[in-house]
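Inspection log for the structure reproduced underneath, given as structure tokens.
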Amino acid sequence: MSGLGRSSPIGPAMAGLAAWLLAALWLLPMAFALWTAFHPSAFAAHFDPTAPLTLENFSRAWEAAPFARYFLNTSLLVAGVMAGQMILCTLAAYGFARFPFPGAGLVFALVLMQLMIMPDLLLVENYRTIKALGLIDSIAGIGLPYVASAFGIFLLRQTFKGIPRELDDAARIEGCGPLGVLWRVYIPLARPTYVAYGLVSVSYHWNNFLWPLIITNSVSTRPLTVGLSVFAATDQGIDWSVISAATLMTAAPLLIAFLAFQRQFVNSFLRAGIR
Amino acid sequence: MSKRLNALYGWLLILPAVSLLAAFTHLPAVMTLLASVHSTPRGTRPPHFVGLDNYRDMMADPIFWQSLWNNLIYALATIPVSVALALTMALLVNRSFPGRSLARLAFFTPTVLPMIAVANIWLFFYTPDYGLLDRLVGFLGMAHHNWLGERGTALWALIAVAIWKESGFFMIFYLAALQQIPATLREAAALEGAGPWTCFRRVTLPLLMPTTLFVLINALINAFRMVDHVVVMTRGGPDNATSLLLFHIFEVGFRFWDSAYAATLTVVLVTILSLVAALKFHFLDSRTHYR
């Protein structure tokens with residue numbers, strides 16, 4: 001670390017100070033939201049250190065909109081998408097990694113196109129497809145376009161390719177079929193990749209907004225993000241205390257998970273990014 | 001196992017994923033292209049071929065040009081600033097000082113928040129008179145300002161939000177790259193009499209090039225893909241001053257239900273992103289030493 005420290009072009013004390021200032025600046029908007037959410041409306045923009053703390057804004061937000069339902073919808077969406085992705089991407093990655101077939105290279109290149117042209121860019125046509133399937137305003141309709149993920153296939157294929165063939169052969173001699181080998185050898189050995197991919201997938205779909213906004217139009221299907229935007233836009237006028245509380249509430253599960261598993265999160269994003 | 005059986009297994013394994021992928025990426029991409037040369041179906045009137053009419057309309061659509069221009073400014077402002085900040089953050093938290101992990105947390109946390117939550121937080125931050133920004137500005141003796149409500153500042157207000165959200169994400173890639181640079185390289189440079197600044201410019205920065213390219217490309221994609229904050233904070237206003245390309249598509253497609261014109265605009269967006277993809281393959285995949 002000391003060797004790394006010296007490479008920075010700024011003196012150590014100045015660098016420490018600069019880091020503090022920048023971090024404080026970065027925390028400012030969040031601190032403001034926290035302050036507003038945990039104090040009575042009267043203190044929303046009035047920074048009095050003696051202001052009483054309260055959880056009332058949270059209970060008001062919780063009662064003012066069906067957040068419990070939104071939480072359920074988001075959980076179902078996130079779990080469903082992830083389960084689908086895990087299964088489909090595992091099978092496809094296994095196919096690409098271990099069962100060479102004529103044209104595999106071309107098909108894989110086509111798969112990778114999705115990294116650039118994501119389903120949420122082709123809004124109109126995908127809306128048409130979902131409508132034709134009768135899935136408008138359903139949680140399945142939000143998730144379906146994302147279930148086959150080029151990114152997941154790519155990540156798992158890389159991992160599977162790194163697993164020594166000898167293990168594969170050994171399992172086959174033991175009498176495993178192709179799916180048995182996948183289940184006994186490849187999946188257990190790819191665990192870190194699954195964790196990384198899972199975290200990225202959950203964060204993406206917990207936070208996704210535009211596509212669910214288009215697809216849903218009722219309380220029973222709206223995920224949290226869309227529910228929050230509806231709540232903040234119409235129901236509340238400008239009671240910032242309640243809106244701040246609702247905002248924090250929707251981000252809380254992911255935020256808490258992040259604070260608890262910081263290292264895993266950062267590593268997952270890293271693994272996921274370096275592709 | 002025979003070769004043919006192997007190939008059969010291969011096809012069967014990829015089939016479910018590939019067919020879904022085709023259904024929601026490749027097929028709609030082709031359909032979008034087709035829709036862009038047809039008219040929008042209205043009521044009982046089916047779409048008919050109109051050639052390049054939609055493209056001609058697009059050329060004459062001031063909101064399209066405004067959105068494209070906005071998006072360009074948005075990208076050109078967001079990308080360099082967030083990448084430079086990411087590098088600065090990484091350099092700052094890469095050394096040990098009291099409170100380092102807290103600083104790292106402060107930089108990275110916006111990445112985990114939903115953009116919609118970020119938008120709400122900043123919406124309040126920007127509120128005229130009442131919001132923290134106006135109060136800070138007032139404290140410094142400057143006039144109050146409707147940051148999101150005025151043409152001159154609205155887009156910049158959104159740019160600041162994007163920078164705040166993205167910098168910490170890019171920081172982690174720089175941090176990882178910095179930690180991979182062997183200390184001996186810098187020690188060698190120091191032995192040669194290179195000062196810290198020379199060492200940074202001549203050793204560290206060149207070694208970070210692949211990371212910089214990677215981050216730049218990602219930032220470029222995000223600049224054209226992320227419009228959640230536009231929907232929540234400004235709805236493209238005032239007077240289209242904050243309309244980005246994807247937001248304009250969203251409006252045309254789902255507010256005016258003009259699917260043919262939305263398809264035409266989508267073709268432009270996909271073309272831009274394909275150019276980025278081409279750039280990526282050209283620069284990134286040939287030069288990174290990640291794999």
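Each Cβ is built from the backbone N, Cα and C atoms, and glycine gets one as well.
Owing to the predicted nature of the structure, the values given are computational and were not obtained by experimental measurement.
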Would you please say which range out of A:26-46, A:194-214 has the annotation transmembrane segment in TrEMBL?
A:194-214
Compare A:68-94, A:101-118, A:138-156, A:194-214 by their Cβ pairs under 8 Å to the transmembrane segment (A:240-261) and return the stretch that comes out on top.
A:194-214
Among A:68-94, A:138-156, A:194-214, the most Cβ pairs under 8 Å with the transmembrane segment (A:101-118) come from A:138-156
